[in-house]
């Protein structure tokens, strides 16, 4: 099944100016991106309000609010691809070099605050290859470059130092990110309110 990456811009103010009295205000561009037909209207808060049973059973989980928001896409969703690495981003690049098809890459970097696992080049690669988003249990860098990419990114923080290049890590394994266990193939939904993970695709 191929997932389409939809771009919706209901509140885009690209290079626009607002005037209040004698003051000028510049509004940054904001994009809301999602995958799959109808997914753009699925808000995490509404999902939580209407799915108490799924939350209680653990089929729907809310990640802890520890992530910073980067990238042009403020809202994104898609099936999950998991990576488990530590201060080494070789597998991150190898994965992003494959066709994203609207998927979300979830990287368990062990919460390291000593280097970045994703930078501007990988952000651009994710955009070019059709990934919907990247969630990093760790740091990113080249923030201005990533913020210019048409992809959603969540990370704990930014760090100027690059990671090692040893190629050590695991792909497609269960990972612990944001206080919850996340499995390869589950679905992730992110917006301005937070991040939720579901065992299966949610319908609007």
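Each Cβ is built from the backbone N, Cα and C atoms, and glycine gets one as well.
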Worksheet item: Among 141, 154, which is the one TrEMBL gives for the substrate site where 119, 120, 121, 122 also bind?
Response: 141
Worksheet item: Quick one: what's DSSP say for residue 142 (Mg(2+) binding site), helix, strand or coil?
Response: coil
Response to the item:
Cβ proximity for residue 120 (substrate binding site), under 8 A, sequence spacing 6+, ordered by residue number, returns 141, 142, 144, 145, 146, 149
